[in-house]
């Protein structure tokens, strides 16, 4: 069989409400409207007898030890759940920043599961594929089929595809990796404690851009304030986005440090991205669309 290829797009939390910390397992209960960008890593699978991984690309350096990479972890979980699973050599081209709040590693892991499922004739809703996604990480299940939807619980409750309008946007990462743990520590919730705040209204399917903005603008990312104490440069990135013509909303994604802004149109997004690259040449800046 020839080489199999798929994209692993950036996952953007348009909203991220932390509802509390669950008494049973200590995980943070969340509610998030997730969309995916058209900027992505690329993953290839060359069928073969051995499970291997090679990483290249501009952000390959910070991706961590190969053996601990989520691509291999996901593949091993699936192999443990499916007798005789056909394997092969993965080639990952990293374009997305690491530890950036956009689910790069989780999206890579989900991409690995998609390729292995294709190679082995498994549906993405096959119990072994779902189990492998959940075992690999909380954000992996929502990345299996990267289209806008709600996620709840600790990430394991995935809603139906919403078919939202594609939104012109700019992603900005100020070049500072931010681990999730210190951000949740700064949030400071004790086990069993709930966080006050309005829940997101029901998000309907097939909303146009104005309707999507009407839903997400009153919402929030509850990790933004604690992340600003961990990496204050996030605030600078948000301010720079908000200062651009045509910016309709700017917010942090995940636990940071990537921030995003929704713009009035693609031209405004591209102009803003160019201006930010000029102002901050060391930052990762990408005009994109979210859907």
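Every residue, even glycine, has its Cβ placed from backbone N, Cα and C.
Cβ neighbours within 10 Å of residue 11 (active site), excluding its own Cβ and spanning all shown chains: 25. Classification of residue 11 (active site) by DSSP places it within a strand. What Swiss-Prot lists as active site is 11 (among others), and the listing cites sequence analysis.
According to Swiss-Prot, the ATP binding site annotation covers 97, 98, 99, 100, 101, 102, 103, 104, 105, 106, 107. Residue 105 (ATP binding site) falls within a helix when secondary structure is assigned with DSSP. Cβ neighbour count for residue 105 (ATP binding site) (all protein chains, 10 Å cutoff from its Cβ): 27.
The DSSP secondary structure for residue 139 (active site) is coil. Around the Cβ of residue 139 (active site), the number of neighbouring Cβ atoms within 10 Å comes to 26. If you look up Swiss-Prot, you'll see 139 (among others) marked as active site.
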Checklist entry - Taking the center of the Cβ atoms of 97, 98, 99, 100, 101, 102, 103, 104, 105, 106, 107 at the recorded ATP site, which other residues in this chain have a Cβ no more than 8 Å from that point? => result 10, 11, 96, 254, 258
Next on the checklist: On the three-state reduction of DSSP, what should I expect for residue 97 (ATP binding site)?
Outcome noted: coil
Checklist entry - In the structure shown, which of the binding-site residues 97, 101, 103 has the fewest other Cβ atoms within 10 Å? => result 97
